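Q: Pasting the feature list from TrEMBL:
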- A:85-270: domain 'Phosphatase 2A Regulatory Subunit A helical' (DOMAIN)
- A:89-127: repeat 'HEAT' (REPEAT)
- A:166-204: repeat 'HEAT' (REPEAT)
- A:205-243: repeat 'HEAT' (REPEAT)
- A:244-282: repeat 'HEAT' (REPEAT)
- A:283-320: repeat 'HEAT' (REPEAT)
- A:326-364: repeat 'HEAT' (REPEAT)
- A:365-403: repeat 'HEAT' (REPEAT)
- A:404-442: repeat 'HEAT' (REPEAT)
- A:482-520: repeat 'HEAT' (REPEAT)
- A:521-559: repeat 'HEAT' (REPEAT)
Amino acid sequence: MAGAEGDDSLYPIAVLIDELRNEDVQLRLNSIKKLSTIALALEVERTRTELLPFLTDTIYDEDEVLLALAEQLGSFTVLVGGPEFVHCLLPPLESLATVEETVVRDKAVESLRKISQEHSPVDLEVHFVPLVKRLASGDWFTSRTSACGLFSVCYPHVSSTVKAEIRQHFRTLCSDDTPMVRRAASSKLGEFAKVLELDYVKSDIIPLFTALASDEQDSVRLLAVESGVSIATLLPQEDLEDLVMPTLRQAAEDKSWRVRYMVADKFSELQKAVGPEITKNDLVPAFQNLLKDCEAEVRTAAANKVKVFCESLPEDSRETIIMTHILPCVKELVSDTNQHVKSALASVIMGLSTILGKDNTVEHLLPLFLVQLKDEYPEVRLNIISNLDCVNEVIGIRQLSQSLLPAIVELAEDAKWRVRLAIIEYMPLLAGQLGVEFFDEKLNSLCMAWLIDHVYAIREAATCNLMKLVEKFGAEWAQNTIVPKVLGMANDSNYLHRMTTLFCINALSEVCGQEITTKHMLPVVLKMSTDQVANVRFNVARCLQKIGPVLDSSALQAEVKPVLEKLATDQDMDVKYFALDAISGILAGQNNLPIMMLL
Amino acid sequence: EAGVGGFFTKTKSEINLFFNLVCDPADVISTVEFNQTGEFLATGDKGGRVVIFQREPQGEYNVYSTFQSHEPEFDYLKSFEIEEKINKIRWLPPHNPAHFLLSTNDKTVKLWKVSEKDKRAEGYNLRDEEGRLKDLSTITTLQVPVLRPMDLLVEASPRRVFANAHAYHINSISVNSDCETYLSADDLRINLWHLNITDRSFNIVDLKPENMEDLSEVITVAEFHPHHCHLLAFSSSTGTTRLCDMRARALCDQHAKLFEEAVDPSRQSFFSEIVSSVSDVKFSHSGRYLLTRDYLTVKVWDLNMENKPMETYQVHDYLRTKLCSLYESDCIFDKFECAWNGTDSVIMTGAYNNYFRMFDRASLRDVTLEASREVCKRRAVLQPRRVCVGKKRKETDVSVDSLDFRKKILHTAWHPKENIIAIAASNNLYIFQDRLTPNGHHNTPEIQSAM
């Protein structure tokens, strides 16, 4: 019977539908995530008339379920019958856009924005715009905040009468009683301005911007800053001075540090938006003030922008402005009382050298770098070291290294292992910049000292560091400088140091090549197979497996094989295990050799 | 007739009783708070429960929802018990049809949602409504559940838990007028939270000295300004109240204003500092004034005048001679709260012997009223009380020596718009309301009391 066959295929869907109401949140969530499967089975008609009405009223659920639902509905158009019926998705999304949970509301708005594109101009006016208006005049602030994000998507596609209404609604929300709605309007002002005709930007948006930027709540004012930047990009240069600059100037000097912080944080965008003339006349003094702000958070944000700001200064006056206006402030920041300010500065200050050139760098910047390299906070020192390359290009490594080295040595011996670790990671970079001679003279001993650090993470990083150094300086250098030292540790009384030898060999064999490995390293490894500590012995087995591919088959046969065989009969279980593992591993590496050749 | 004199005296009153006959210590009410509209009233108790009352159309408050907000816990690292007692409740401004409130015990703040549900989904594919599995062969078509009306169900669900940010006991929480942040204050620090973020908060005030032996004051209470999102006030055990401007810098260790009254050296005594400790601070609804309560007085401060209060009202000056015995019984450390009425014209605060006091700021008249089961009969008239130091002048006068110091009214709240007050006395909640008389004058309070 055809009906009976139908039952079987209905079953999984029936389970999914039932689980939409399961008591277990996880099952409900799984079901919601497969909503498209359910809709597909129900077909478009029943999805529209039964499923969507049910979903519209299920807004009592957990946030995660609602979030998944809001997301699903954004790509549901096909499942309700295509663009012709897309408006059926509006009711459930409308109710989701009013829940108290911000992430759910935001997701609902995102989906609404998405499906707005699938509405025909007529449907927009008949279905979508009324929804926006309902939300905008809702009783609760949750719905009004959601409305703020929907104006800009429908505005371009509707008639001029409706446009006027939309503008009016937006105006109303900008002076809403609750700060939450004014904040939402304030943050969407820039986006809305972008879709408005220029005349309306001037006549409507500017007064709103001015009002929001002088709102009594600083939480609203600070959001107006970013919108101000977007608005500035829309206006012709000649209007900027009259329409936005007074407000932006006021924001840069706002009583509230949070507003000034936003100005500092958006400074590069602002600079780009207002162009070179206003930058010279207005932004330079404003930036100086922000760098000298009494609140450390503001100084931190401004310090972060020093490089980008200087880079984007108009070329004709760049150097003068930096030398006379910015550098004096930077000098003060170098000895700021707050570590975050100094750290922010240290992450960008090196970038100034490429802008200012060699002479200025040596004369003015190098002393500042040195102060920061000797800073009491490791993060500040680290930020300097990690940006050395840009200074290197300008003044050359010799000059740099002479002044730098003591500070690096100090960091390399820092009591905090994470600081040491960070320095190790910069070693290959430094080595490349300093050259082999200089490295051997000053840094080699440091690199070796890390091998016997009491923190494993440092020893491990040091091993890896050696490999990278050999990649840079070559096998011959390795044979002369580091291999003897590494192999010497095989006789150390501390078994951890003996193991480090093995780990180094693991890392180095490939970069050092067959000759060094066979001649120098292999004998040491083989000798260690009789070590009294089992951990060393099984690491010998692992090491042999690791270096196996580098060795030729005669060495494998004559030297490696007997040792591994012996280890395979070791009393210790782990040693046995790794020895057998190594034997089969080497076999696999030699792929075609019959197993009997080794055993 | 304005003022408390006429307000609660020559009137008929009404009382609605919800007494619990067995007094369990866990039922002792530890905080009372109206929501922004006054339609709801929440109480917290020592047992960690929150009870929400809703005002019926006829004007009476009835229980709307009860839930367990906090449970007793044990801090294994520091080896001490964390009581479940609710220290403070604060309502959030309305978001949507549900109601939201913050409740805190000593360590953890929680955000609760109280919502109504009146629909239920019906119709399963694989089971009938009793949960029995259907015969699979009878299923020939898919069924989408439908929503049907059901009896109203009020649910309270925890939305956020803000934990692990306080080393000392939380004494205050206050929601900022920006509606996205709130503060929590303990003995030494004030933290600023975002309502959507539970894993971090910003420390904005820190009074902890490098060496705890140098400790000279503790924070007793903190509150945000009702309109300016950047202003907060906090007061300390030394009798000072500080106003901080969060615009000036991220850390508010340096205050913008310090409200402190010079102490007359001739009146200094061993108890001076203890009784000057501020136990509650409330901004007026207008935002212009601060109301502070210390052990013996309530004071009104103008934000623009730091050196002395505009008004000082004696709550129970007759105790000044009894401080020694109050100290011995620890009563001197009782933390009385205070409240403004909706128009900032009347002040209310609690006292001993189940008395509470009201002061009319314009007429300077004051009244002592009693909230007890004996006098608060439904629709009864609240009679003013008088405490006398020497000989009784009237039959109804009460001698200082016969005051019961175990019966204290610490927690009071005033409806934000109307003349309705909520008084917590031990495990009893009294709601007194001013009922409209036929000619429309607000001079008849109805007294309602609930457990």
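The backbone N, Cα and C atoms fix where each Cβ goes, and this holds for glycine too.
Note that this is a predicted model, so its numbers are computed, not measured.
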Q: DSSP helix, strand and coil counts for the repeat 'HEAT' (A:166-204)?
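A: Tallied per class, the repeat 'HEAT' (A:166-204) gives 33 helix, 0 strand, 6 coil.
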Q: Cβ under 8 Å to the repeat 'HEAT' (A:521-559), counting only same-chain residues 6 or more beyond its ends: which ones?
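A: Distant contacts of the repeat 'HEAT' (A:521-559): 483, 487, 490, 495, 498-499, 501-503, 505-506, 508-510, 512-514, 566-567, 570, 572, 574-575, 577-579, 581-582, 585-586, 589-590, 593, 597-598.
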Q: Where else in the chain does the repeat 'HEAT' (A:482-520) make close Cβ contacts, counting only residues six or more beyond its ends and a cut-off under 8 Å?
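A: Apart from its flanks, the repeat 'HEAT' (A:482-520) reaches 444, 447-448, 451-452, 459-460, 463-464, 466-467, 469-471, 475, 527-528, 531, 533, 535-536, 539-540, 542-543, 546-547, 549-552, 555.
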Q: Between the stretches A:166-204, A:326-364, A:365-403, which one has more Cβ pairs under 8 Å with the repeat 'HEAT' (A:283-320) than any other?
A: A:326-364
Q: With Cβ-Cβ distances below 8 Å as the criterion, list the same-chain residues six or more beyond the ends of the repeat 'HEAT' (A:326-364) that contact it, or say none.
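A: For the repeat 'HEAT' (A:326-364), the sequence-distant neighbours (Cβ-Cβ under 8 Å, at least 6 residues beyond its ends) are 284, 287-288, 291-292, 296-297, 299-301, 303-311, 318-319, 371-372, 375, 377, 379-384, 386-388, 390-391, 393-395, 399.
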Q: Determine which residues of the chain contact the repeat 'HEAT' (A:166-204) at the Cβ level, with the cut-off under 8 Å and only residues 6 or more beyond its ends counted.
A: 129, 132-133, 136-137, 141, 144-149, 151-152, 154-156, 158, 211-212, 215, 217, 219-221, 223-224, 226-231, 234-235, 239, 243
Q: Mean pLDDT across the repeat 'HEAT' (A:482-520), rounded to an integer, is what?
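A: A mean pLDDT of 87 is what the predicted model shows over the repeat 'HEAT' (A:482-520).
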